[in-house]
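A.B. asks: Pasting in a structure now, in structure tokens, and then I'll have a few things to ask.
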Amino acid sequence: MPDEITTVKEGWLMKRGEYIKNWRPRYFVLRSNGLFLGYKEKVKGGDGGCEPINTFSIERCQIMRQSKPKPNVFIIRCFQLTTLVERTFAVDSNFDREEWISALEEISRRLAKEEINRRSTSIIDFTDSIHRPKMTLEDFEMLKVLGKGTFGKVMLGKEKKTGNVFAIKLLRKDVILAKDEVEHTLTENRVLQNMKHPFLTELKYSFQTNDRLVFVMEYVNGGELFFHLSRDKVFSEARARFYGAEITLALKYLHENKIVYRDLKLENLLIDSEGHIKITDFGLCKEEISFTDTTKTFCGTPEYLAPEVLEDNDYGHAVDWWGFGVVLYEMLCGRLPFYNRDHEVLFELILSEPVRFPSRLSLSSKSILSGLLEKNPDKRYVMHFFF
């Protein structure tokens, strides 16, 4: 029987905004399961039935004491899913700070020990839920390298039995463990093996060797949408509508299956041999998110981040529609809707600058882009007559 979740410590903290650098009072509750929940008002009995505006996990966290930009500051650094985030807090006295740090570190240490036990079986369980023929690398002839990265490489490989060609992702176990990417990798595996849609890349097989995890993926040979747009500079409205409709169907399918994609960008959109869209790279997906749920992890490419992410608020499916708005804007306008090499300036533009359009755009194009790039996620478009 699982241990009862209890409140370990609660009280008022000053929390610094991550992008708008002001201090905000928040009532925080530290739970025994490692959740660190922030509220605008004091809550009774742990949460009093209120929804938190901040939901952090302190598992495997690091805590740093600082005396700047004000006295008695502490910074919590932790991985949430795949991303390292930092949150800055301040209290009135050094005594209060030490009390909070002690409570946070005690829970973090206990969770870390439990995680070590779980992690030892995570990689072993990699393929347990895949009911497909048992495969090994000996079943494939490697033809050429398609790409290399921190965690391994992607090969073009031919299945010897059938002659079919696949993209084979070979990931090094030691690097995945060292970089704390177990959950990221297992998420990608779960999403790929459970999802089947014409506009999502398909996982054919997955297995492991002594030192590698292996994804055998559908090979999409039409190139990245980024390449096609870089070559053509801008797409016609008809072409953008065609791609946009397929992206919309894929996102709706993921959302209906309680998955937020969270990293929509041109580089993750491939074109197959028949000219259709294929969404790839599911490592950032957040599973089990219902239409009222939100998730709390800063991730993704800066130019594609939604306002609610930058404001350090919890967020849900609407972040994907913002990302789709950025992609559709690029297709129709040939540039990003908001851009600056200085990320602080970029974030301010995303948060406050109205979106601007070339005069040549049709009213329907301007309408859908305005709706998708709506800064309030509750008012953001999901469907539109453009399609």
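Cβ atoms are placed via backbone N, Cα and C, with glycine included.
In TrEMBL, annotation is done automatically, which means it is predicted and not curated.
The domain 'PH' annotation in TrEMBL covers 6-109. The annotation domain 'Protein kinase' is assigned in TrEMBL to 140-387. The annotation ATP binding site is assigned in TrEMBL to LYS169.
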A.B. asks: Along the domain 'Protein kinase' (140-387), what average pLDDT does this model show?
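C.D. replies: The predicted confidence over the domain 'Protein kinase' (140-387), as a mean pLDDT, is 84.
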A.B. asks: Per DSSP, to which secondary structure element type does the residue listed as 'ATP binding site' belong, with helix, strand and coil as the options?
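C.D. replies: The residue in question, the residue listed as 'ATP binding site', is strand (DSSP, three-state).
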A.B. asks: Are there any residues in the same chain, six or more apart in sequence, whose C-beta is under 8 angstroms from the C-beta of the residue listed as 'ATP binding site', and if so which?
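C.D. replies: Set apart from the residue listed as 'ATP binding site' by at least 6 residues yet with Cβ under 8 Å, we have GLY152, LYS153, VAL154, VAL214, PHE215, VAL216, MET217.
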A.B. asks: In the domain 'PH' (6-109), how many residues does DSSP put in helix, strand and coil?
C.D. replies: 16 helix, 49 strand, 39 coil
